[in-house]
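Novice: Found this in TrEMBL, in case it helps:
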TRANSMEM  12-33  transmembrane segment
DOMAIN    22-295  domain 'Sugar phosphate transporter'
TRANSMEM  39-63  transmembrane segment
TRANSMEM  75-94  transmembrane segment
TRANSMEM  128-146  transmembrane segment
TRANSMEM  152-174  transmembrane segment
TRANSMEM  225-246  transmembrane segment
TRANSMEM  278-297  transmembrane segment
REGION    309-352  region 'Disordered'
Amino acid sequence: MGVGGEKFQLGTVGALSLSVVSSVSIVICNKALMSSLGFTFATTLTSWHLLVTFCSLHVALWMKFFEHKAFDSRTVMGFGVLNGISIGLLNLSLGFNSVGFYQMTKLAIIPCTVILETLFFRKKFSRTIQISLSVLLLGVGVATVTDLQLNAVGSILSLLAIITTCIAQIMTNTIQKKFKVSSTQLLYQSCPYQSLTLFLIGPFLDGFLTNQNVFAFNYTSQVVFFIVLSCLISVSVNFSTFLVIGKTSPVTYQVLGHLKTCLVLTFGYVLLHDPFSWRNILGILIAVVGMVLYSYFCSVEAQPKSAEVSTQQAKESDSAPLISDSLSKVENGGDDDEPLKVPMWSSKYSRA
């Protein structure tokens with residue numbers, strides 16, 4: 001494996017690690033904020049997260065940590081609004097459904113993503129990958145799903161949440177490759193639209209779900225401290241989310257999300273003494289087996305692709321002795337010679 005492939009692998013491992021650490025941290029912080037201090041305005045809090053993320057990236061841009069790259073504004077706006085709507089729908093799904101059905105909604109995102117990528121991208125998932133994902137979903141289901149109470153409105157909201165979340169995550173990967181932008185550049189440009197969407201719908205949505213007014217809440221020093229801490233951690237969460245999806249795939253990001261769920265359950269038991277049963281332990285063990293199998297089979301299937309990339313790099317270095325762009329191709333996880341398949345739902349993509 002060449003230097004470019006090794007750098008890509010190290011970058012992927014770093015992105016996955018950052019995503020796990022930051023996400024588990026923010027869950028623990030938000031649990032203290034919402035459960036202990038009674039601040040239950042999740043959608044509005046998310047809009048603040050995105051606003052702080054945008055401000056942080058703006059400072060980073062001013063300090064020249066990354067370069068601004070303008071591209072299709074309509075695509076960025078649509079992507080940002082869609083992301084905001086998917087977050088709102090997930091929160092509504094939790095409000096209208098039992099916790100068990102909400103967990104099933106989150107589990108359904110992986111098979112839905114697989115179906116969409118198969119239909120619109122013609123991406124193939126091997127039988128071993130499908131089996132490992134099934135084992136993972138079974139384990140997380142055993143560990144988290146306790147009750148299933150169905151209702152028509154909640155089911156419709158869950159279905160919409162699943163579809164919008166899948167499309168948004170697939171677009172995160174697609175846009176980065178199509179327009180050749182980094183995760184930081186995409187996050188910087190889409191953050192204002194996501195934040196504005198959630199800030200406009202957040203107070204009404206939170207008021208509807210909690211029967212409280214976010215602006216009339218008693219903001220004690222403790223509440224303000226945990227809100228600021230949550231916003232600061234969210235910068236890392238949002239950045240690592242775009243980074244992981246850009247370097248890997250939407251399915252891998254969802255697998256990582258279920259790893260975070262298992263870690264949160266474990267830390268909740270160890271640190272916060274949350275109730276824990278043998279069913280939780282069994283489910284987590286099954287899920288870990290599924291994750292290990294998924295990681296193993298993905299690495300096995302990636303080896304032939306790495307060999308092809310190394311061969312192509314050697315050919316390009318022979319034919320172009322000056323500056324070669326093959327390293328950037330590897331780091332972006334794609335090949336310019338292979339046409340990018342894009343979703344059929346975007347007429348703008350199909351014209352490009």
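Placement of Cβ uses the backbone N, Cα and C atoms for every residue, glycine included.
TrEMBL entries are annotated by machine, without manual review.
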Novice: Need a quick answer: max count of Cβ pairs under 8 Å to the transmembrane segment (225-246), which of 39-63, 75-94, 128-146, 152-174, 278-297 is it?
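Specialist: Between the candidates 39-63, 75-94, 128-146, 152-174, 278-297, the best contact partner of the transmembrane segment (225-246) is 39-63.
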Novice: Checking distant contacts: for the transmembrane segment (278-297), what same-chain residues at least six beyond its ends satisfy Cβ-Cβ under 8 A?
Specialist: 126, 128-129, 131-144, 255, 258-259, 262, 265-266, 269
Novice: With pairs closer than 6 in sequence left out, are the transmembrane segment (12-33) and the transmembrane segment (75-94) joined by 3 or more CB pairs under 8 Å?
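Specialist: Contact criterion not met.
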Novice: Near the transmembrane segment (152-174), which same-chain residues lie under 8 Å Cβ to Cβ, leaving out any that are not at least 6 residues past its ends?
Specialist: 79, 82-83, 85-86, 89-90, 92-93, 96-97, 101-102, 104-105, 108-109, 112-113, 116-117, 121, 186, 241-242, 245-246, 249-250, 253-254, 340, 342-343, 345, 349
Novice: Which sequence positions outside the transmembrane segment (39-63), separated from its termini by at least 6 residues, show Cβ-Cβ distances below 8 Å to it?
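Specialist: 30, 33, 87-88, 91, 184, 187-188, 191-192, 194-199, 201-203, 205-206, 209-210, 212, 214, 217, 223, 226-227, 230-232, 234-235, 237-239.
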Novice: Across the domain 'Sugar phosphate transporter' (22-295), what does the pLDDT come to on average, as a whole number?
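Specialist: A mean pLDDT of 88 is what the model gives the domain 'Sugar phosphate transporter' (22-295).
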